[in-house]
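K.L.:
Before anything else, here's the structure in question.
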């Protein structure tokens, strides 16, 4: 489903973020990308979301080379992906309900679909009571659940989660990870970038380890080893 | 398509009211810009009034010799009427000139006594001529230099009044040029200030625009609500300006008329109401929408 082929990303002043990275992710997989800060995890996810373009190599998404996507076609491509970020990236002037509905509005879903789907997803993430609150009125854990709800409402093929628990306490961390596992069980590919040792060791899923921009390990039932 | 447009309008409307402070600042700056545009329009009306009243004060008079019969003078008038530069000719007979003098100076015993001493009508018949343009008086003066008129004409007062007429002529063209220059400078300042205010307002939304791009929103779906907000600000600012200007002009008009008799600025405002309304709404909406378009562009590159 996703294929990185000898991908390198070099930022100005010769800062190497990724070097010769190759791997493949199958449909409905749960893959964790681990590594120290600056190992290249975020860059890797940015390349998948075409927020950045690689300096070398090719990246395929469902057979299409996404490194060659034109800027005008990006919105269409991004609708196939759901993204969750460490800093939540919610729209501050929209309520919980509106933030989630926004992902459906951009794909042109009807008002009836939105009115039917948003309450269901709010229930899945346990935020029915918070539907009319604005992001600043929510806790960190709640905000991240809104972000996840927004990422999954349009039923994307894959969900990218970049350090989704980075700003959360252990209780909420567990909450979010359970949610991501549930999403994967429902049939969505999940790519999780994290440096949280406990999470990785408890998951028992595939782990790709990055070090200085290179893949140093890729294990089916991996552990956090740095 | 229709659903998207509906959502863009709804979102723009919502954001306008939710970002109360920023919206108020934008409306305030737009009010200033629109007021400037309206003032320039009104000033143009005022300066045109002053120019035309100055021009009306410029004329030349041709005095005919005492012995020239009235019928000859009227013939000259007919001849003169064929000159395209002539706008208006007024014939003042010797009797009319005397009557006018007496009417004007009847309270001045010295003048009246001198007139009595002269014992006859000392005034000459004249043609008072107004040209369609201040620059044309020389042509009209030349008309009387023809040989045929030499025996009829006593004097043409253009040559005494020439410096005054020329000064009026240069003053009106200076006013026009200064007005154009001032309008351009003020319009540029208004556009830059408005653009920068809207740019700063949208700067706060830069992160939001990037998020919308990452969620898969198309450029127009993101930009649309900002344009709607810009347009709402423009409409609101135009309405405020229309109200404020109506009240100010209604209140000030009688006072201005004291300084410039014949200039009814309220009448000018009422007779140009639709034009002024159009200028205000067009300025507000265009400034709001164009500034928003330019300001959002840089954030849409993600």
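Each Cβ is built from the backbone N, Cα and C atoms, and glycine gets one as well.
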K.L.:
Looking at the candidate ranges B:134-163, B:224-253, report the one that TrEMBL labels transmembrane segment.
P.N.:
B:224-253
K.L.:
Six or more residues beyond either end and a Cβ under 8 Å away: which residues meet both conditions relative to the transmembrane segment (B:224-253)?
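P.N.:
Sequence-remote neighbours of the transmembrane segment (B:224-253) are 4-5, 8-9, 11-13, 15-16, 19, 23, 26-28, 30-31, 33-35, 38, 42, 198, 202, 205, 264-267, 269, 276-277, 280-281, 283-289, 291-293, 295-296.
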K.L.:
DSSP helix, strand and coil counts for the domain 'ABC3 transporter permease C-terminal' (B:181-301)?
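P.N.:
Each residue of the domain 'ABC3 transporter permease C-terminal' (B:181-301) counted once, the result is 110 helix, 0 strand, 11 coil.
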K.L.:
Quick test of the contact rule: Cβ under 8 Å, at least six residues beyond the ends. What residues does that give for the transmembrane segment (B:273-295)?
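P.N.:
Here the qualifying positions are 26, 30, 33-34, 37-38, 41-42, 190-191, 194-195, 197-199, 201-203, 223, 226-227, 229-238, 241-242, 245.
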